[in-house]
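Features reported for this protein in Swiss-Prot:
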- 1-32: transit peptide (TRANSIT)
- Arg134: site 'Transition state stabilizer' (SITE)
- His138: active site, proton acceptor (ACT_SITE)
- His261: heme b binding site (BINDING)
- Trp277: active site, tryptophan radical intermediate (ACT_SITE)
Amino acid sequence: MSFRAPNLIRSTVGRRAGQTLNLRSQVIRRRFATEGGPEITKPSAPRSSNTGYIFAGLGVAAVGAAYYFYGTGRTEHDSTNKADTVVREAVATVEAKTGLRRGKDEYQKVYNRIAETLDKEGYDDGSLAPVLLRLAWHASGTYSKADGTGGSNFATMRFKPEAEHSANNGLHVAREHMEKIKQEFPWISYGDLWTLGGVCAIQESGGPTIPWRPGRIDGYAAQVTPDGRLPDATQAQDHLRFIFNRMGFNDQEIVALSGAHAMGRCHPNRSGFDGPWTFSPVTFSNQYFALLRDEPWQWKKWTGPAQFEDKKTKTLMMLPTDMALVKDKSFKKYVDIYADNEEKFFSDFAKAFSKLIELGVPERQWAGEPWTMATSD
């Protein structure tokens, strides 16, 4: 991070940087009651051989934090949050550059623990995998490439405004479940935890291997994005392009990511819609595309929002946004490819989903190339 420090900062940077670091330590120890965030566990002491790197990184962060705190006219509360975000970003960057971040084996333990908890008797079709996949998707799909806001970096669905966005109805189930995992591994950020949960859900349900890496940090309620950034299921192809192009996805990636509907079902008390997309809603496959293309569909006669049902069994459903994929010529060609070739779908989905869950995370926060997490079997 670079900026032109005002004269006040130049003359007092040492003293106020120290004050800011002290402020940081106080912030870490308290619970963010006004933000609704969790208590942050004090990190373990760094290895002595890298202490100089850490202090150097935190010194840069302290100067940046001091600038925001003293030089922008913000309220103390806003400045404290902004300063703490700057420090967290700096710490993540230092960890990435000095090799201090926990290794793959530590994150594999988190993955394994999530995998152990996926089966849940009495919940939907007996698995939490679909709702964990949805959590990872929705936590990442708020990104805007125009201003760099949104995405998985700050895990802002922890806060009431975003949690209550209509598109996130029902995701409290996933967040509450993942909170139990967080208690076992308090060092992992929520953004890393939720996206790793999505990767686990896909892989453990027979889907492709998804490249994943840690580096996301937790943010504040002020970083919540506006409502309306996630797809509206009642809309058509123009809406899909508007939503996905904002994140930087093309037509092929839009169709590939829509394949996540291979898993799960809709609920009248959440989205208003009802039913699964496929006959195997806890298995990740290309069945969604085959059914979408090959089955005859009709409007469902009911009192709920407009949706489609299959003519044969009337047990499956498709949303207006799903049907848009076969009505649009550009989208349809990818539906055909994926319906006929599951291997191609898996390959394209893995690339698109890995891209999705990294949206909004500064490149400097990554420690290296993505990992391949081993499945439980």
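Heads up, the Cβ atoms here are built off N, Cα and C, so glycines get one too.
The structure, with features from Swiss-Prot marked on it.
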{"residue": "Arg134", "record": "site 'Transition state stabilizer'", "Cβ neighbours (10 Å)": "21"}
{"residue": "His138", "record": "active site, proton acceptor", "Cβ neighbours (10 Å)": "21"}
{"residue": "His261", "record": "heme b binding site", "Cβ neighbours (10 Å)": "25"}
{"residue": "Trp277", "record": "active site, tryptophan radical intermediate", "Cβ neighbours (10 Å)": "24"}
Hey, how far is the residue listed as 'active site, proton acceptor' from His261 (heme b binding site), Cα to Cα, in Å? 13
DSSP three-state assignment (helix, strand or coil) for His138 (active site, proton acceptor): helix
Kindly assign the residue listed as 'active site, tryptophan radical intermediate' to one of the three DSSP-derived states: helix, strand or coil. coil
Rounded to a whole number, how many Å is the Cα of Arg134 (site 'Transition state stabilizer') away from the Cα of Trp277 (active site, tryptophan radical intermediate)? 14
For His261 (heme b binding site), what is the secondary structure by DSSP, using just helix, strand and coil? helix
Whole-number Å distance separating the Cα atoms of His261 (heme b binding site) and Trp277 (active site, tryptophan radical intermediate) is 6
